[in-house]
Amino acid sequence: MIPQECLNWQQALSVVRHMQKLLVAQEAAHLEGTRGLRHQLSVLQSRLQRPATKQICPQLAVPLNGRMLGRSLRVGHEVHFICDAGFRLVGSETRTCRHNRTWSGTQPFCRSIDDCSSNPCANSGTCVDGNQSYTCLCPPGWSGPSCQSPIYSYVDECQLYQSSPETQICLHDCLNLPGSYRCLCPPGYLLHADRNACEDVNECDGKQHNCSQGDLCINTFGGHRCVRPKCPPPRHNTSYVKTSAFQCERNPCPMDSRACHLAASSISFHYLPLQANRTVPRVLFKMSTTRSVGDSLRFAITGGRGQGVFAVRRSDRQTGELLLTSPVAGPATLEVELEMSEFSHKVLLGKHIFKVTAFVSPYVF
């Protein structure tokens, strides 16, 4: 065993001071670690207490006549856009959801492809753009899909053009002639000055009708109707007198006849010519009173044939409107009875009946 020498006084003091320095450094490092841990815990607590925000971008619109591929709106995800056949994409084909929750690129849309942009019709032919196709209207002497073939024989213009709405050369019917054609109109119409369209003949103005004496002639699209409005027969002490060709007025009521006082004070007749398959909604008829005694008017449909295609609405305080709500194919005759009631403090003052008849043509012109 090797004997160890004892430290002298100065060496012992130096060791103690060195140990003290190590202890101070250890305490400082421990304190710094504690502070860092406390800071990290504080940040973590604030994040946990804060409501989480969804890292997604706003919903994108799908372009008309196109599609959007991809449904995820999360940051970093992409969506892609394509157009239907016959359309081309204008704008960004791909958009990415960025970290600031906005989309890259611009909103795309689908633009129709003009099939005539390449001038496919030869020999001064006129190009008519269609849906993923085109039609060439060829000048005299040329034929074929692109007017590329000279004509050496007979051409039926009616068969070539009339069957397609985009190239139709006659409004109604087409008669082929050697080297030409002629547009035809149905009975009740005359060929317009443009030689293509048809215009209605007013048989009533020209006295071309066959109405009997006492009948009234109503011109319709493509024809006419003979009508004879009649007042209703006397009933329950209520009778009417004809005051004009289309108007009946109620005679004075007996004082004790409640049924007479509740009956309509006037009945008017209205006849409307109507083309087939008109766009809707369409105002057909307006009803109002020229002198109002009460404080309110009410309008209602009370009867007739074809009520499913009609509706009534108020356009202002004194006026009601009869609307056509569904397209009607002709020929057809529609009848509807309208009632306009006048009230004062919810007490009925009088009623007016409008009998409306619509004559629907077989044609759309």
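Each Cβ is built from the backbone N, Cα and C atoms, and glycine gets one as well.
Straight from TrEMBL, the features:
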{"type": "DOMAIN", "residues": "55-112", "note": "domain 'Sushi'"}
{"type": "DISULFID", "residues": "Cys83-Cys110", "note": "disulfide bond"}
{"type": "DOMAIN", "residues": "112-148", "note": "domain 'EGF-like'"}
{"type": "DISULFID", "residues": "Cys138-Cys147", "note": "disulfide bond"}
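Location within the structure of each feature annotated in TrEMBL.
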{"residue": "Cys83", "record": "disulfide bond", "CB count, 10 Å": "21"}
{"residue": "Cys110", "record": "disulfide bond", "CB count, 10 Å": "21"}
{"residue": "Cys138", "record": "disulfide bond", "CB count, 10 Å": "25"}
{"residue": "Cys147", "record": "disulfide bond", "CB count, 10 Å": "22"}
About how far apart, in whole Å, are the alpha carbons (Cα) of Cys147 (disulfide bond) and Cys83 (disulfide bond)?
-> 31
What DSSP reports for the domain 'EGF-like' (112-148) is 0 helix, 11 strand, 26 coil
Do you know offhand how many angstrom separate Cys110 (disulfide bond) and Cys138 (disulfide bond) by C-alpha?
-> 31
Write down the Cα-Cα distance for Cys138 (disulfide bond) and Cys83 (disulfide bond), rounded and given in Å.
-> 32
